[in-house]
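First the structure, in the form of structure tokens, and then the observations on it.
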Amino acid sequence: MGRYIIAGNWKLNKTPSEAGELAKALTEQTVGAGCEVVIAPSHVALARVAEVIRGSRIKLAAQNVSQHSEGAYTGETSVSMLKDLGVEYVILGHSERRQYYGETNQIINAKIKAVLAGGLKPILCIGELLEEREEGKAATVCRTQLEQSLAGISAADMAEIVIAYEPVWAIGTGKTASPEDANEIHVICREKLASLYSEELAGRVVIQYGGSVKPDNVRALMAKSDINGALVGGASLDAASFASLLRF
Ligand code: PEP
């Protein structure tokens with residue numbers, strides 16, 4: 001599998017000015033061939049970052065979006081607003097959105113449909129909690145999240161979706177799944193996608209790993225058969241560390 005996407009999720013970090021500076025520093029870095037680079041600043045920094053990365057290989061993502069296209073939804077941002085700013089990807093279903101904002105697979109499904117209808121690409125995050133892994137339920141949880149989040153989505157639309165497998169216990173904790181354990185779930189996700197769509201399509205879907213990916217573990221993770229990139233939190237906030245991930 002020759003295609004990798006490495007995405008940096010900046011979460012609730014960096015003012016627009018700081019985000020512009022980080023993006024500028026990233027445009028000056030070399031990136032490995034065959035590696036697509038995506039950065040996801042906060043909504044208020046998107047316009048500034050879009051300006052800075054114009055003409056570079058870096059693509060822009062948002063960290064969330066409303067499932068509604070317009071209307072009386074105070075505080076929300078629509079797909080067309082993001083598109084107008086030059087956003088190409090939207091991270092959906094991140095465990096922090098599930099945990100702190102009550103996002104269910106059904107809400108995530110509605111958001112995926114809105115993103116696809118607007119011509120943007122979802123990065124769908126899935127992954128099990130620590131208790132679920134300890135109870136041997138990691139595979140079942142991921143299969144259910146895929147099935148419910150992708151309900152009613154056509155094969156043509158599925159080809160636009162990136163999956164990010166992020167075991168929740170590995171996010172921001174410094175604990176990484178071993179490359180073998182991560183790859184095992186990636187294979188299970190691909191099998192699930194093959195059963196929902198086709199083997200051919202499942203083989204083409206980019207499945208990123210996320211959870212404490214750092215310069216010293218990225219290479220071993222990316223070497224695995226079914227891992228096609230990374231969704232990175234902490235290590236994406238510093239230009240040098242993110243750049244070293246991009247050259248794995
Ligand atoms: C994330 O937020 O998606 C993530 C994987 O964070 P970290 O790399 O900090 O674990």
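A Cβ is built for glycine as well, from the same backbone N, Cα and C atoms used for every other residue.
What TrEMBL records for this protein:
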- Asn9, Trp10, Lys11, Gly172, Ser212, Gly233, Gly234: substrate binding site (BINDING)
- His94: active site, electrophile (ACT_SITE)
- Glu166: active site, proton acceptor (ACT_SITE)
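Mapped onto this structure are the features recorded in TrEMBL.
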| residue | record | CB count, 10 Å |
| --- | --- | --- |
| Asn9 | substrate binding site | 26 |
| Trp10 | substrate binding site | 23 |
| Lys11 | substrate binding site | 18 |
| His94 | active site, electrophile | 29 |
| Glu166 | active site, proton acceptor | 27 |
| Gly172 | substrate binding site | 13 |
| Ser212 | substrate binding site | 20 |
| Gly233 | substrate binding site | 21 |
| Gly234 | substrate binding site | 19 |
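A gap of 8 Å separates the Cα atoms of the residue listed as 'active site, proton acceptor' and His94 (active site, electrophile). Ligand 1 lies under 6 Å from the Cβ of the following binding-site residues, listed in sequence order from Asn9, Trp10, Gly172, Ser212, Gly233, Gly234: Asn9, Gly172, Ser212, Gly233, Gly234.
Neighbouring residues of the recorded substrate site, listed in sequence order and excluding Asn9, Trp10, Lys11, Gly172, Ser212, Gly233, Gly234, comprise Ile171, Val232, Ala235, Ser236, Leu237 (Cβ within 8 Å of the Cβ centroid). Taking CA atoms as the reference points, Lys11 (substrate binding site) and the residue listed as 'active site, electrophile' are 10 Å apart. Distance between Cα atoms for Gly234 (substrate binding site) and His94 (active site, electrophile): 15 Å, as a whole number. The full span of the recorded substrate binding residues, Asn9, Trp10, Lys11, Gly172, Ser212, Gly233, Gly234, taken as their largest Cα to Cα distance, is 14 Å. Rounded to the nearest whole angstrom, the C-alpha distance between His94 (active site, electrophile) and Trp10 (substrate binding site) is 12.
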